[in-house]
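Swiss-Prot has this to say about the protein:
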- 108-111, 166-174, 223-226, 260-261, 289-294: GTP binding site (BINDING)
- 175-351: domain 'CP-type G' (DOMAIN)
- 1-31: transit peptide (TRANSIT)
Amino acid sequence: MALRTLSTFPSLPRRHTTTRREPNLTVIYRNPTTSIVCKSIANSEPPVSLSERDGFAAAAPTPGERFLENQRAHEAQKVVKKEIKKEKKKKKEEIIARKVVDTSVSCCYGCGAPLQTSDVDSPGFVDLVTYELKKKHHQLRTMICGRCQLLSHGHMITAVGGNGGYPGGKQFVSADELREKLSHLRHEKALIVKLVDIVDFNGSFLARVRDLVGANPIILVITKIDLLPKGTDMNCIGDWVVEVTMRKKLNVLSVHLTSSKSLDGVSGVASEIQKEKKGRDVYILGAANVGKSAFINALLKTMAERDPVAAAAQKYKPIQSAVPGTTLGPIQINAFVGGEKLYDTPGVHLHHRQAAVVHSDDLPALAPQNRLRGQSFDISTLPTQSSSSPKGESLNGYTFFWGGLVRIDILKALPETCFTFYGPKALEIHAVPTKTATAFYEKELGVLLTPPSGKNQMQEWKGLQSHRLLQIEINDAKRPASDVAISGLGWISIEPIRKTRGTEPRDLNEAEHEIHICVSVPKPVEVFLRPTLPIGTSGTEWYQYRELTDKEEEVRPKWYF
């Protein structure tokens with residue numbers, strides 16, 4: 001058989017064209033009446049037009065050209081990202097550069113204020129001769145300013161003004177400036193130890209602490225538990241604190257109940273810090289006057305038993321006083337063997353606490369010094385409203401004054417309802433008929449009703465301008481209905497039916513399931529309605545632990561004492 005060549009096959013009707021893209025096989029579709037079109041299996045591009053096929057249009061970019069174009073775009077994108085990252089890093093460095101603990105500026109080890117020799121009345125002042133001598137021997141870090149020396153001897157010298165500051169006295173720095181000194185914490189890896197005063201739990205809680213510290217881990221420390229009444233079960237207190245903290249949606253590593261005075265619970269905090277710091281600096285943070293400096297002194301004393309570095313740090317420890325705003329700048333303390341730093345920070349000054357509205361001379365009256373003993377008032381302890389209205393019928397129509405700072409009008413209550421006040425002893429409580437309450441307040445303000453006290457304080461006093469109506473629901477007559485907490489002062493426990501020896505609370509009818517009161521305080525002091533704090537021996541009897549699911553048990557922080 002003769003060998004067939006390409007010429008022996010019939011001629012194609014039209015020349016066939018292959019696509020210009022490679023490398024897959026080409027499928028040829030034959031039809032005697034139509035053109036032969038070549039289509040690549042791997043590409044879904046539309047067929048090439050006749051003009052392009054015959055060379056009358058611009059050639060499509062080759063794969064190599066497309067690759068180079070993509071590479072150039074990728075490189076340009078990398079440059080832009082690098083510039084953005086560089087800008088962010090620059091801003092972060094600027095924020096951290098504002099960190100007040102500057103080694104080039106020596107600060108008073110008592111309050112953190114920069115040392116200066118020009119203004120005698122300002123924080124940080126030291127004698128020029130002493131300053132030059134200490135500077136010559138490189139001992140400026142061992143200096144304490146004149147203000148701290150006066151504070152250590154009991155003088156009340158405020159230095160903070162502005163929103164959240166304190167009226168009266170000299171105001172050298174604003175509360176906003178002190179908050180700005182803590183702004184770097186959001187951009188820095190640190191371990192935060194947040195302090196809350198148990199006597200002013202709601203007022204000192206710092207619910208928006210994440211705005212200051214970002215995502216840094218937090219250890220929650222409750223201070224001044226030695227002020228709680230005798231017989232208080234710390235198991236109940238710890239569970240109550242954890243429950244309230246979870247309701248406020250604040251995630252913490254653990255909760256610790258402490259007393260800087262008796263050192264109770266401080267060793268547990270020291271162990272937790274050593275466990276969780278992991279090379280990070282440790283910052284003690286909290287509202288003004290919650291006891292940060294006192295807690296640091298107790299912490300150093302506890303750590304010094306095993307750590308020689310902490311023992312050496314005790315020589316120059318922060319000053320502690322009853323004046324809110326004692327600390328005016330972060331104080332660096334070399335307290336750890338690993339080289340991490342411990343910082344005492346300026347208190348966060350809150351405008352909604354009583355300390356922000358009273359005169360600086362009256363600030364000591366707001367701080368409880370001894371264990372709290374509640375002052376209880378029921379119908380048997382109140383005066384009669386008139387000779388025609390015998391005592392013992394109802395609490396309705398009476399008004400309580402808590403010093404000159406709080407007024408409580410009872411609008412609806414049960415005859416057996418009891419109000420128990422927990423706060424500083426310096427503020428006396430007076431009960432009068434509501435119809436004479438306004439006249440009584442105007443007459444006795446500054447005399448029986450203090451603070452405010454003194455002529456100057458009276459002139460600056462703006463009165464009780466904020467009023468809040470509270471409707472308290474009674475779910476169980478055998479336990480207190482609720483606490484009314486006054487920010488920066490204390491709280492009032494409301495017991496629907498006071499329990500007496502040998503008697504049981506009676507059953508309530510449908511009309512007796514609410515208590516209505518009106519609380520008046522100075523602007524902008526806040527009033528909180530919260531679950532009753534289980535204090536004293538009676539708290540152990542009525543407090544109920546909530547049953548937890550497995551998931552709740554897993555995420556719930558542990559508490560220690």
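Numbering starts at 1 and runs along the chain as it is shown here.
Glycine is no exception: its Cβ is also placed from the backbone N, Cα and C atoms.
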Q: Using DSSP with the three-state reduction, classify Cys108 (GTP binding site) as helix, strand or coil.
A: coil
**Q.** Val290 (GTP binding site) in three-state DSSP notation
**A.** coil
Q.
Neighbour count, 10 Å Cβ-Cβ cut-off, for Val290 (GTP binding site): what number do you get?
A. 28
Q: Tell me whether Asp226 (GTP binding site) sits in a helix, a strand or coil according to DSSP.
A: helix
Q | Entry from the binding-site residues list Cys108, Ala294 having the most other CB atoms no farther than 10 A | A | Cys108
Q: Would you mind pulling the DSSP three-state label for Ser174 (GTP binding site)?
A: strand
Q: Using a 10 Å cut-off, grab the number of neighbouring Cβ atoms around the Cβ of Asp226 (GTP binding site), all chains included.
A: 15
Q: Have a look around Ser174 (GTP binding site) and count the other CB atoms within 10 A of its CB, chains all included.
A: 16
